[in-house]
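S.K.: One structure follows; several queries about it will come next.
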Amino acid sequence: MQQQLQGYLWPSSPGLSGLRGILIMKLLSCVLLLTLALGRAHSQKPPHPPGHGGAGLPPHPPGHGGAGLPPHPPGHGGAGLPPHAHGHDHGHDHEHDHEHGHEGHDLDRCAGLEMDAVAVNEEGIPYFFKGDHLFKGFHGHAEFSNKSFAELDDHHHLGHVDAAFHMHFEDNPDDHDRMFFFLDNKVFSFYKHKLEDGYPKDISEVFPGIPDHLDAAVECPHPECPNDSVIFFKGDEIYHFDLKSKAVEEKEFKSMPNCTSAFRFMEHYYCFHGHMFSKFDPKTGEVHGKYPKEARDYFMRCSKFSNSSDHVERERCSRVHLDAITSDDAGNIYAFRGHHYLHKDENDTLTSDTIDNDFKELHSEVDAAFSYENHLYLIKNNNLYVYQVGEPHTHLDGYPKPVKEELGIEGPIDAAFVCEDHHIAHIIKGNHMYDVELKVTPRKAGNERPIGPFKRVDTAMCGPGGVKVIIGNHFYHFDSTKLLSTARSLPEQHKVSLELFGCDH
């Protein structure tokens, strides 16, 4: 074959023999590679058929994975102590993970996505499902859903989730802390991110009387519903499923749009339709107030919003956790979230603006803040910025300076506060608190001690009434820093949006 190719491609010529040999070898290599590629393509299995392909697969190996689960913390879905949302890698090397050259970075929730399903996990963290991806919490990139719920791919080619909800019924251990997913005609039950034995099952087996191919589902515990129930949505049909009696009651919610997803959060019920949402009464379906509202304004942390967005309304009612908060000597409160901040003056008047506009040296994303002697101390990464309070706030020359140099502690810092008439900055880093005497130079962080029952906090502030520790959408009040550090149980849970900023929905 080599001789035939030589004679065909190049006439015999002694002076060109070396070049001829190189060209022949390159051509032979190309032919070989093409032959191998065609053979591989021919031998590959056809792609997975669309729809549910799990029927007939062997059952999942046993292993509930729920033994030794500590008692659930008080409050809604454990929202009192939500750790940072992390991905869960179950060790499965799915082909699905390698079919895409991205990790959901081109899915932009701030572009107005319509989510397929929404549910909180057992720690109270919202999970937003879109296609085969999952957004955890209110900001950050999407990841593949099978990283957290691997068995969905073992039994089903995961292209979407129709509906999902978190079974949160403390009075019934059999129905507590499960996450249910609905895909076509199947239902999956997960406990601690592990598929329970016997699942997936037909929806009709677990929830008799409920149709396949659902649009949305949401749990409704007693007394928010007459009995512990699940509300299912399909088109304009609404079904109340009584978990104890298995009775199904069809409802007609005339004032509600058709829900593409729904979830319960902070004891309220939300119907999402497209990138809008409406808050509804789970018993009657009535929608009170000015709805629909923009989901990006309340359930996502975005850098930009529509021109019609009410910035004050959004910031005081947002369900996204605060990054930092502080109150100054005059009683002004400054609350920072993402690219925006909310200002509440001594007369309880609320205003909002971008951080970049009023604190342009920071741009956005404040880690911690405290007030001291008519100055705002703002911490971002490993730097400390200082502003003199006024209209406008004046950035002091020479700043930013390293946190280590100014406060005697390495960043990052989770929270910081100074209590009234004191000269000590209390710094929270991880699950420990440190004291920094501000009248002494060089400053050093000392008196290390735990922060009571908390594993971590989002932010904290101190005022005449004591210390407020903020985690997620709730805060906890302590009369002093000593009581905070020595507490062994959670005090009463308060809502940030309602009790700090007067949001009525």
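Each Cβ is built from the backbone N, Cα and C atoms, and glycine gets one as well.
Whatever TrEMBL says is automated annotation, not expert-curated.
Pulled these from TrEMBL:
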{"type": "COMPBIAS", "residues": "86-107", "note": "compositional bias 'Basic and acidic residues'"}
{"type": "REGION", "residues": "41-107", "note": "region 'Disordered'"}
{"type": "REPEAT", "residues": "158-210", "note": "repeat 'Hemopexin'"}
{"type": "REPEAT", "residues": "211-256", "note": "repeat 'Hemopexin'"}
{"type": "REPEAT", "residues": "257-302", "note": "repeat 'Hemopexin'"}
{"type": "REPEAT", "residues": "319-362", "note": "repeat 'Hemopexin'"}
{"type": "REPEAT", "residues": "363-410", "note": "repeat 'Hemopexin'"}
{"type": "SIGNAL", "residues": "1-43", "note": "signal peptide"}
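Thinking about packing and proximity, how do these listed features fit into the structure?
M.R.: Secondary structure counts, DSSP: the repeat 'Hemopexin' (158-210) has 7 helix, 21 strand, 25 coil.
A mean pLDDT of 88 is what the model gives for the repeat 'Hemopexin' (257-302).
Across the repeat 'Hemopexin' (319-362), DSSP classifies residues as 4 helix, 19 strand, 21 coil.
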S.K.: Using DSSP, how many residues of the repeat 'Hemopexin' (363-410) fall into helix, strand and coil, respectively?
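M.R.: The composition, in the requested order, is 5 helix, 21 strand, 22 coil.
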S.K.: With Cβ-Cβ distances below 8 Å as the criterion, list the same-chain residues six or more beyond the ends of the repeat 'Hemopexin' (319-362) that contact it, or say none.
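M.R.: Those are 138-139, 265-266, 298-304, 311-312, 368-371, 373-374, 376, 378-380, 385, 387, 389, 392-393, 395, 399-400, 415, 417, 420, 458-463, 470-473, 496-497, 500-502, in sequence order.
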